[in-house]
Amino acid sequence: MTNQQDYTQDNDKLYRYLFQHRAVRGEWVRLNKTFTDTLNTHQYPKAVQDLLGEMMVATNLLTATLKFDGNITVQIQGDGPLRLALVNGNDQQQIRALARVDGNITENMSLHNMIGKGVLVITIAPKEGERYQGVISLDKPTITECLEDYFVRSEQLQTQLIIRTGEYEGKPVAAGMLLQIMPDGSGTPEDFEHLTTLAATVKDEELFGLPAEELLYRLYHEETVNLYPAQDVQFFCGCSAERSSSALLLISDEEIDEILAEHKGSIDMQCECCGTHYFFNKEAIEKLKSTKV
């Protein structure tokens, strides 16, 4: 039995690993505080929480497979009660997420019933180079299966995704693993199938409650696994008073006056991701306008 100190050392961490005798690479990530911070300022239904957790883990794993500086957005849009689910992450493993709900979502509602007619859009935006956008139909029962299909189609590489969300010791947690055959063509389908069969035996409590090294040993104790140093994962919104003021300046003077009149002389701009409030009165707005000029 692993004690609390042992497993928490790998909370909010992402690891990459390679199999020494098989041309397959892997990644493992667990979101603890990162996931909690995402949910803290919203009252999302349980099914939406789980979906966001899946999307966050997948985004972390996707950013780790792509060696570039930039960010990735994974977004679902639909006409069901879940109008939008969006996750944005970057190469520093800073991640944020939000959802917009318009209607009743029950705890065990299926992905298709939540979204209705919708699509999954993945946007890859490197700091240098062209932006890439892929649109994926939501024709699988779970978002993990849809994303796994995306990995296979976009990279033309055999890929396995295992993502779980839930609670561990009374706190929300999301975790996942990715296995992918090496792109140099040296891997065999037999090696990949062998390793994915072992990975599929992983239990929720192992993903949620073991440090990475022990988890990999339990799954692959007959393999030689090279585990690389961890990368920290954290919730990072990126909002600021400056960004809010820039958005405010896009509104016409007439609209600003109307909003000020309706809200007792103060405009409250709340960040949709983290819930931070930015307040602007008429004096502050006039000052912003003068500095812009």
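Backbone N, Cα and C atoms are what each Cβ position is placed from, and that goes for glycine too.
Residues annotated as disulfide bond in Swiss-Prot, with sequence analysis given as evidence: Cys237-Cys239, Cys271-Cys274.
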Using the alpha carbons only, what distance in Å do you get between Cys239 (disulfide bond) and Cys274 (disulfide bond) once rounded? 8
Can you tell me how many other Cβ atoms are located within 10 Å of the Cβ belonging to Cys237 (disulfide bond)? 20
Cβ-Cβ distance under 8 Å to Cys274 (disulfide bond), same chain, at least six residues away: Asp37, Thr41, Arg96, Phe235, Cys237, Cys239
